[in-house]
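Chemist: Before I ask anything, let me first share the structure, which is written out below as structure tokens.
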């Protein structure tokens, strides 16, 4: 039986792609092995959003050169955003790679894998591929939580971002197709559905002439089963009162708001081509806090954007102190080829970017400690994900997979529980990002 090794890189959206491509390989008769040396085919699904991502892609591709030298029959296939972004340079850089397939060509994946065509590189900037519930999928996440990608591409065109040029314009799946996928997943025992897209709040604009996110959520609400839904990647100015009001009464959609604000200074936001101002962020933050006693608000911010002054940075720090976020991720600005901001004046020194990043994360660490301290004594339903040393590791609805902290439960003194179980946990201790609890 043919064996395939998989190297997955990048974000949650790319993870869905990896799982679909693995589904295609499984249908072709491949089984999967963690040992690349025994593989007949190795698939590397890459990211290329920012410099660290495409550098990681390059390292992983080059890592396979030795495997190819030791096994001339090994088929190396590189997919993902790196292929789309660096298409013209691939053949010269990686002569040992057999096939490059960009995200827009995944509908041809099976035929390309099984053919012996002379053309090695297949990419399509005007991407039209979108997976459906009918496509095979092999989950690489635990089988009790999953990402569901509701749209592909992006129409926002932020000045620092390459995604619209790599993934194309917004393309939404139909509500009916998404509902069928969720029904299948729930029937298989999935307890946590994470809806993702480049911008979930623009879902449906291309199909229905307006955002259809609330309509989608209403349809998901009618699906029977023991599961909950978390929405990720929401655009600040598109978190509407209708969306908030629906989540407030929903029995399925949890009040977890992932809203990347990027910055709070109006001039910086304008240069980023973000279509909102600081007051809009305050309005959304305040509306959520007013409507939910227990909402989680997560955000992502960027430091070191061209022209960001010390005063602009201090404004950002002051903001997160005044309007604290339960979770905050951050990254430094990367001056990427092909972006509008590449040619902006006021490019900031790398050491200064890192200094600002460190200050920001140190500030958020203290904020997180204070917020976590308020959770002492509270009880939550927790899904057990894995074990680590003396602890069971799990998450409640308050912790998104991979990006947030976890809840740790000591094994000693706990009754017998298994991976995938949902248990009631009382919070006894806290850290900056993780919580420690005991079974109730």
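Positions of Cβ are set from backbone N, Cα and C atoms, glycine also.
Okay, so Swiss-Prot annotates it like this:
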- 2-118: domain 'MTTase N-terminal' (DOMAIN)
- 11, 47, 81: [4Fe-4S] cluster 1 binding site (BINDING)
- 140-370: domain 'Radical SAM core' (DOMAIN)
- 154, 158, 161: [4Fe-4S] cluster 2 binding site (BINDING)
- 373-440: domain 'TRAM' (DOMAIN)
Chemist: Could you give me the DSSP helix, strand and coil counts for the domain 'TRAM' (373-440)?
Modeler: 1 helix, 33 strand, 34 coil
Chemist: Please list, in sequence order, every residue of the chain apart from 154, 158, 161 whose Cβ lies within 8 Å of the Cβ centroid of the [4Fe-4S] cluster 2 site.
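Modeler: Apart from 154, 158, 161, the close residues are 156, 157, 160, 162, 163, 164, 198.
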Chemist: Let's see if you can do this one: DSSP helix, strand and coil counts over the domain 'MTTase N-terminal' (2-118), in that order.
Modeler: 62 helix, 23 strand, 32 coil
Chemist: In angstrom units, rounded to an integer, how far apart are the Cα atoms of residue 158 ([4Fe-4S] cluster 2 binding site) and residue 47 ([4Fe-4S] cluster 1 binding site)?
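Modeler: It is 18 Å, counting Cα to Cα.
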Chemist: Can you list, in sequence order, the residues of the same chain other than 11, 47, 81 whose CB lies within 8 Å of the CB centroid of the [4Fe-4S] cluster 1 site?
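Modeler: Apart from 11, 47, 81, the close residues are 9, 10, 13, 14, 46, 48, 49, 53, 80.
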Chemist: Helix, strand or coil for residue 158 ([4Fe-4S] cluster 2 binding site)? Use DSSP.
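Modeler: DSSP call for residue 158 ([4Fe-4S] cluster 2 binding site): coil, neither helix nor strand.
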Chemist: Quiz question: given the binding-site residues 11, 81, 158, 161, which has the greatest number of C-beta atoms lying within 10 angstroms of its own C-beta?
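Modeler: Highest number of other Cβ atoms within 10 Å: 81.
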Chemist: What residues, ordered by sequence, lie under 8 A Cβ-to-Cβ from residue 154 ([4Fe-4S] cluster 2 binding site) and sit at least six positions away in the same chain?
Modeler: 161, 163, 164, 167, 169, 170, 198, 199
Chemist: Within its own chain, what residues at least 6 apart in sequence put their Cβ under 8 Å from the Cβ of residue 47 ([4Fe-4S] cluster 1 binding site), listed in sequence order?
Modeler: 9, 10, 11, 14, 53, 54, 56, 57, 80, 81, 82
Chemist: Mean pLDDT across the domain 'Radical SAM core' (140-370), rounded to an integer, is what?
Modeler: 97
